[in-house]
Every structure is written in structure tokens, then in C-alpha cells.
Amino acid sequence: MATKFPKFSQDLAQDPTTRRIWYGIATAHDFESHDGMTEENLYQKIFASHFGHLAIIFLWVSGNLFHVAWQGNFEQWSQDPLHVRPIAHAIWDPHFGQGAIDAFTQAGASSPVNVAYSGVYHWWYTIGMRTNGDLYQGSIFLLILSALFLFAGWLHLQPKFRPSLSWFKNAESRLNHHLAGLFGFSSLAWTGHLVHVAIPEARGQHVGWDNFLSTLPHPAGLAPFFTGNWSVYAENPDTASHAFGTAEGAGTAILTFLGGFHPQTEALWLTDIAHHHLAIAVIFIIAGHMYRTNFGIGHSIKEILEAHKPPAGGLGAGHKGLYETLNNSLHFQLALALASLGVVTSLVAQHMYSMPPYAFIAKDYTTMAALYTHHQYIATFIMCGAFAHGAIFLIRDYDPEANKNNVLARVLEHKEAIISHLSWVSLFLGFHTLGLYVHNDVVVAFGTPEKQILIEPVFAQFVQAASGKALYGFNVLLANADSAATAASLGTYLPNWLDAINSGKTALFLPIGPGDFLVHHAIALGLHTTTLILVKGALDARGSKLMPDKKDFGYSFPCDGPGRGGTCDISAWDAFYLAVFWALNTVGWVTFYWHWKNLTVWQGNVAQFNESSTYLMGWLRDYLWLNSSQLINGYNPFGTNNLSVWSWMFLFGHLIWATGFMFLISWRGYWQELIETIVWAHQRTPLANIVGWKDKPVALSIVQARVVGLAHFTVGYFLTYAAFLIASTAGKFG
């Protein structure tokens, strides 16, 4: 007899109902719970899967390069990045009638194509690619790399090549290699590419495989490096009149600290970027030699942690016990990694638009909007995952004995204070912000907009002024020509930075007013409420006053029956489930704010945001409704245009989103009865009754229905907004 899915759990494989399939999918990646799993095998499986993950990423990027080289217009775009629309790939669709074929034959193509809004053209252009041949070479290189990583993943699953558990637990060696090897060395390699290939290309000199060993990236060669005369590499930078991609106005510097932006491309100076990566490389390569391995020199992380113990004893045992706890818990490690990655992804979103690194990308408004929204959404999900795995750590891996009176134990002991403070902050922010919005909404509706309560964000304006914004008249730090901060920075990044921040042409520290003040506090409400739910879920995961033995029930459980009233909805998984709704709510407000404010800046119509963003109807009417009109007209009685694909996606996103509620607002018994009626009808219908099934159909469990509902809600939510965002921006700016 063939073994049934799932092979990793004999219990589930023998389940006679459709529960087998659902629970099989739900626990497929929960390796710890699989039959016969040992700790060593667990680490080996996860390690091997990393190679597969990298192979998929390289294959994906290889596909991007290949399709742009084959079907795109990279060479034409490179000649005129500001006016040619970049093509992602061709569309072959047998459903297209003549109207659709005409509508999607765009961007200078001779047949239907998709326009690229990912920014890859700008990236490849900035790093020195100019021809389709360059793209094909990159594609083939990544394809080979992908195959190598797949082989490495397979190899590390073979008995002879499986690392031992002690190898995985050797934290110091891993840190050294990851810091120096992965971060440090790769940053150094990237600096090398920028200096040897990208910067010469930006100055009109092509460097390829044929001449890169004979072309000096700097006229002085390596002499200044070996003589310690490093400042030579910063002398003679590109001038303000430099035409990117040509020798006109170009300098010879390779490592600079000019500050501000290249006047023509409105992107960071390539020589500044190279300098930044070199600095990162040096720091991380040094950091990768800090930790003690079998040579007996350097820091021991365990000793460092155990030394973190305030002498007066006011904070208990400090960090004692953390080394073993962290080193023995994959969930703890994953939670910290996800928290860090979530923060850095959100920072990427903020910096991509305020300090664009790629040439001419600042003028491709749809791409800027897409990249901001994309990174902010991803950051949202990753941060939620950090708390989910933090909660799983506390349930499965936390040992109260090993952590007696240390920082972890003390956080758990005063969790009530933490949770109640978060609750108070959320209530305060929610009632005050909503109160202001509703008040303003009412007085505007009654025709007396002058009665609005409008609060200037003076503290935020002060922070902007400290960074050099002169608009507000605060005489502080960089906004004061005579301050110590200004004097200290004058020789390096200052004049250029001040020009950029005050020019009105960049997205650096946009002017802010009462509308920004209100939406900032709405976002703060969303962030604090999401955090409250996630923190409470994790801190109560092991037990609460209501259910002291909660940890024995695992990460997700529906209820402990009617005998213990009120134990439904209190598992750590339920907290994660609820938090994702709040997180989506918050990222919605963040992206609405960013998009509307920037739309008005790009259109030269900032007054619209300033006047309409202070009351609710302004957001609904002047942002959502007004900007959806072009999108909704993608199809109309007169035919179709190139927004129709987004129009369709907008409708489809709403459908998926609404379907989510069918799973979220439902009760098991109803579905069970319905299923049994359908089965009855099926068995009595000719033809239909020829097909039978081995699994007895049963309704989804409470937790399953929630995860299916949440998945539909989430996917529908961001498909709807993605279509709105891209169509409303592209409809205005192409």
C-alpha cells in the first residue's frame, strides 16, 4: 500500500478525514514535530534548506535578467532613462482582442508588453550594465550559481557531508565567519565592483572581462594605498555638471564623502556609495576576528553576557544563562533575526525614496511608490513573525531553571506592567487621534473649516531643522551656520547635504504640518496596538492567571472545552492572528500617507494634501476616491486601456478579501451540516456518484478556518492596494 501524505507523521497519515490534508500542510515545516526527528537531524535539514532557498533566489533573479534581455528595451532605455518606459517582459495572451493588443503595445514595443515598476533597470544601469549581452551574462552566471547551490543543498544531506550538532552549536566560529565572510567580504567585493566597473562606466569608460585587469580604476594606482596617502582617492570628484555615463564633467576620485545627490541623476554619488561599502567591509572584517575559537584569543560571548550584571543587584542576574538559552533555541535565534530583518527592511523603504541610490530612479514615480510599499509590507510580515517565533520559543524552549532571575525571567515576571502600559498608550493614542479627526470632519461637514483643531508638529520640525532644514526658522545645529555641528562637517558632506535638504527638489525631509501630525499619531496608534497584541501573546504564551498551564497546550489551541470558560482565543497563535489584522491596518495607513503626500509633491499640488488630510472625508474623497477613478476606467463602454489589468486586479483583490470573511465569520457546525448535505447529494446524483473519496469530508477546525480566512483577507488586501497604487500613479505619470 502506498504511504499517504504526510509521510512525516504516521498519526496524521492514518487520519480517516480531510483533516489529514489540512494538518499535513500546517505542520509540513514544523520539523520539530515530525516522526523520528532528532535535534541533530533538525539542524541538518534546516541547513540544507538554506542552499535551496538561495538557489531559488538566484534562479528568480536570473529569470528577471533573461526576460529583460530577451524581451525588454534595456539598451534603448539606457540611452534616455528619463523618457523611455522600461519593459519587464512581453505578454502573450490568447484572450487579447485587438483593443487589448493595442492598449498593451506600449513603451515603444511592437507587440503587447508589461512595463517594469521594480527598479531593476535603474539598478543594472547604475552598477555598470549597458547592453543586453551584459544582462545575458549575468543571467547565465546566476543560473550556474543556482545549480551549484542546489548541488550543495543535496550534498549536505548525504551522510558523509552532514555537519555535526556541535558544529551548529559553535556560535563564535559561526559569528566570525558570517561577520567577516558573508558581510565583510561581500561588502568588500561589492566595493570592488563599484570601483572597477560601475564608476568607470558612469564616466563613459567601459570595463568588461576583456580589459578589467589592464584598466586602472584610479590614475595613481595602488601607490596611495600602500603609502598611507589615502586622501588621494577622494581628490578631484565628479563635478556638479557631470553628465552621467559620459566623461563630461567627470573626475577621478573613487572614494568620497561629498554628501547630497548627483545633480543630474538625483541619486547618491557612486563614489560615496563605494566609500560606504568599503567602510562597512572594514568594520565587519575586523568584527569577524573578535570572537574566541580554538585559538584561545578574543572574546567569549558567554563571558561577555555573564559580565552584564549590574553590581548593585538591582537587575538580578542580568544576562546570565542567555548564552545557553539562545544557542539551544532555533526559535529564539529566528525571532531575533526576524526582528532585525524587519527593522532593516522598513529602513530600506524609508531610504530608497529619501536618499535614492540608483541613477534617475527618483523621477520614475510609479517605481518609487511600488518599492516603498513593497518593502513596508514585507517589513510588516517579518516583524509579526519575530513575535510568533518568540512565543514558540517561550512555549517550547524556555527553561525557567536555566534563566532564574535573569533578564528574560524578569521580563516575564513584570509582564502585567508591560502589557498595561502598552494598553494605556494605545487607548490614549486611539481616542485622542480619532477625536481630532472626527471633530475636524464634523466642522468641515458643517461648512466651518476654520473651526478645525490643527496642531503644528513642532518637535518633528525641530528634528528636521537639526538636520539642516531652514524652512521653519529654528536656529539649531545644522540649520545654524555658526553651530559646532555645522563647523565640524563643513569640509565633508555639508554644503551638498544642505543644498539637497533645502532645494525642494528631493524627498529629503519633506515639509510637514497638521495633516502629518494627525496621520503620524494614527500610525503610532496602529504600531502600539499591534505591538500590544504581539507582546501580550508572547508574554502570556506560557501561562496567565486565567490559564496557568497554557504552555502544556502548545502554540495553537482553540479552547480547553466548556469546563474552563473563556479559554478560547487565548493561545499564542490567536494573538498572532489578531495582530496581523492590526499590522495590515497600520501598513495601510503608512502607505496611504506616503503615497498621497508624494503624489501631491510630484504633481506640484501640495496644498491638496495639506488641506484635505486633516479630516476623514478628505482622506476618503481626495485620496481614495479621487485616485481610484482612472483605475476603475481601465475598462469602460468605449473599450480598454493599459490600466485595465490593474482594474481587473483591483476587482479580483476585493473578491479575495471579501471571501476571507466567509471563513472568519462562521461557525463549524454550519459547515459540517452543509458538507454532509453536499455529500448526500453527491452520492445520489448519477455520474457524480461514480467519483468517491477515501477521506471523510469534515469542516475546518476553528484554527484552520482562521488561518484560511486570514490568508484570504491578507492577499486580497494587498492585491487591491497594489493595483490601486500602481494604476493611480502610472495613470498620472506613465
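Each residue, glycine too, has its Cβ placed from N, Cα and C.
Just so it is clear, the model here is predicted, and its values are computed rather than measured.
What Swiss-Prot records for this protein:
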TRANSMEM  46-69  transmembrane segment
TRANSMEM  135-158  transmembrane segment
TRANSMEM  175-199  transmembrane segment
TRANSMEM  273-291  transmembrane segment
TRANSMEM  330-353  transmembrane segment
TRANSMEM  369-395  transmembrane segment
TRANSMEM  417-439  transmembrane segment
TRANSMEM  517-535  transmembrane segment
BINDING   Cys559, Cys568  [4Fe-4S] cluster binding site
TRANSMEM  575-596  transmembrane segment
TRANSMEM  643-665  transmembrane segment
BINDING   His654  chlorophyll a B1 binding site
BINDING   Met662, Tyr670  chlorophyll a B3 binding site
BINDING   Trp671  phylloquinone binding site
TRANSMEM  707-727  transmembrane segment
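Locations of recorded Swiss-Prot features on the structure.
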residue: Cys559; record: [4Fe-4S] cluster binding site; Cβ within 10 Å: 16
residue: Cys568; record: [4Fe-4S] cluster binding site; Cβ within 10 Å: 15
residue: His654; record: chlorophyll a B1 binding site; Cβ within 10 Å: 15
residue: Met662; record: chlorophyll a B3 binding site; Cβ within 10 Å: 13
residue: Tyr670; record: chlorophyll a B3 binding site; Cβ within 10 Å: 10
residue: Trp671; record: phylloquinone binding site; Cβ within 10 Å: 17
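For the transmembrane segment (46-69), the list of distant contacts is 31, 87-89, 116, 118, 120-121, 124, 132-133, 135-136, 138-140, 142-143, 145-147, 149-150, 152-154, 156-157, 163, 168, 330: same-chain residues at least six beyond its ends, Cβ to Cβ under 8 Å.
The two recorded residues Met662 (chlorophyll a B3 binding site) and Trp671 (phylloquinone binding site) have their Cα atoms spaced 11 Å from each other.
Tertiary neighbourhood of the transmembrane segment (707-727): same-chain residues 26, 117, 366, 369-370, 373, 377, 577, 580-581, 584, 588, 591, 595, 624, 627-628, 630-631, 634, 643, 646-647, 649-650, 652-664, 700, selected by CB-CB distance under 8 Å and a gap of 6+ residues from either end. Through the fold, the transmembrane segment (273-291) approaches residues 172-173, 175-181, 183-185, 187-188, 190-191, 194-195, 198-199, 234, 254-257, 298-301, 357 of its own chain, all at least 6 residues removed from its boundaries and within a Cβ separation under 8 Å. Trp671 (phylloquinone binding site) and Cys568 ([4Fe-4S] cluster binding site) have their C-alpha atoms 20 Å apart, to the nearest angstrom. Note: the CA-CA distance between Cys559 ([4Fe-4S] cluster binding site) and Tyr670 (chlorophyll a B3 binding site) rounds to 19 Å. Cα spacing between His654 (chlorophyll a B1 binding site) and Tyr670 (chlorophyll a B3 binding site): 25 Å, rounded to the nearest whole number. Recorded residues Cys568 ([4Fe-4S] cluster binding site) and Tyr670 (chlorophyll a B3 binding site) have their alpha carbons 19 Å apart, per Cα-Cα distance.
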